[in-house]
Amino acid sequence: MPSSGRVEVYHDGQWGTVCDDGWDLAEAQVVCRQLGFPGAKSVTPGGRYGEGSGSIWLDDMNCKGSESSLSDCSFKGWGVTDCTHKEDAGVVCETGTNITSNRQFSVDNSLGLSDDLGLLFDRGNGCDFKINIKDNSKESELTFCVHSMILMFYPELNITKDSRTLTVDVSQTCHPHVSPFLRYLYTRQIDVSITSAQCLHQLAFTFGVKKLMEDVGRVFTLLIPEDNTFHTQVSMFKYGVRTGDLVLQENVLQYLSWNCEFLISSPVWSTISFHMMDALLRRSDLVVKGEAFLLEALERWIQDKGDEISSDQQASLLNHIRFLMIPVDKLYEMQFSSSVLRRNHEKLYLTGLLRGFQFNALPFSKIRKQIYNMSSEYLPRIYTGDEWSVILNATTVKYPRYNYNRGYGQNRIQSRIQTFSTPAHPSALYREQNVQWQAQVFLSNQECSNYGISCTSFPVARLYGYGNQNMYASTIRYSNRLILTCKNENNIFHVQDFKNSMAVIPNNSSMGLPNPCPDDYSFRFVVRPEYI
């Protein structure tokens, strides 16, 4: 039927599909109305209408149902996905009885409008408004003649029909980028480079052009993995806070969360602000050895800051420590510590220890209600201690010989595989009950088929639990993670979850952050048990 099928969207010059994660009737309503149907009957997840090809443009959709376009909904980001085409979403739209009678045809001759408006800016014909660009510290000045009607498209400028001039203070280093920026106000097109990004972002902030701020902020993400000292990232975060750029702030925080262990060991750790520390400690995607390691790092930071951090701020940060995730033997040792947080906030500190002991000693049935009220303190971060993770890299290679008896002959293939065990759960009730895991990385169809697995792209990682895992299925789930790290630079550039024990590594163009070491990175498999 023409009113049902697989959903595809056109972006960046090519068609791509939508993953069915988060795909519900609200998203289907937006699609169907966008296609001219009165509404949606149902959604069809899981590639019912066949598997698409090429890019998977959208993932983790979250629509209200009232949006005019699917791209107006919340989603991970264009091309940012951990799905395969087996999860391509579809819809069944309502056809109605009066659709054809009200059918409209669009005529669109706007293709060259942007170029025409650019020429209007370049020639200055009929301009009626002057923008003066000053640098008060160096007394330099530029003047541009523009069209007030164009500026009225940007209400943040507060341009009225009686306005004739606007004076803006811009650093002289950014003066060369003012003309391309003003031209963008006409054309909505601009070339952004690493050298121009911060100036264009600052100009967009000054003029209130939020869409350009967001777009240029994405360019900043290219810079994030390039500085292993973390000075650039901390500076970017401060700049994002000052300009109110939430996209830039989140991109920096995500990178620092993934590389938190390296950040803690760097000299920059003692210089980060309370605002950044608070934002980091709230997150569950921090990659650290363990929660006790994080608490010790926080105490060092407070000692280094001295009087800069008030008692209330210390207490606020201590509240973000997840004492429930600290092993019981470590909790026991902490009872006798004389740390700065213990001395300054003894009641709060001891309350955290008590809750940690309760979590370790009480059965799940006793604390189920508190977990349903869901506080982040019950959720693990990404703990990379030896008992919860294993690394596969170029040195972890075995060459088993497979013997096929059905005409295939003998094949010698490369396989990456390692078995290990973890406690069933960090609670003391389960720490002596082990779960066996097998971690694998496949680089070809041949390797996948040898294990009876169908793979659509490479590399692909597999973390498979066996043995006692099913014994705890009603109580414990495993939200495991795969971490990709540059081996020579200790730079984590990608973290993703497993779906049905598999994790397909996205290509460089669809990662949230660029891969700075495409040919030399390792795979860390992290086991993350949670109470259901």
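Placed from the backbone N, Cα and C atoms, the Cβ positions cover glycine too.
Per TrEMBL, the cysteine from CYS19, CYS32, CYS174 that shares a disulfide bond with CYS93 is CYS32. Across the residues of the domain 'SRCR' (1-94), the predicted structure has a mean pLDDT of 87. For CYS73 (disulfide bond), applying a Cβ distance below 8 Å and a minimum sequence separation of six or more within one chain yields GLU27, VAL30, MET61, ASN62, CYS63, LYS64, GLU67.
Geometry remark: CYS32 (disulfide bond) versus CYS83 (disulfide bond), CA distance 23 Å. Cα separation, CYS93 (disulfide bond) to CYS83 (disulfide bond), rounded: 24 Å. CYS19 (disulfide bond): 24 other CB atoms within 10 A of its CB, across all protein chains. The number of other Cβ atoms within 10 Å of the Cβ belonging to CYS93 (disulfide bond), over all protein chains shown, comes to 24. Every protein chain shown contributes to the tally, and the Cβ of CYS32 (disulfide bond) ends up with 23 other Cβ atoms within 10 Å.
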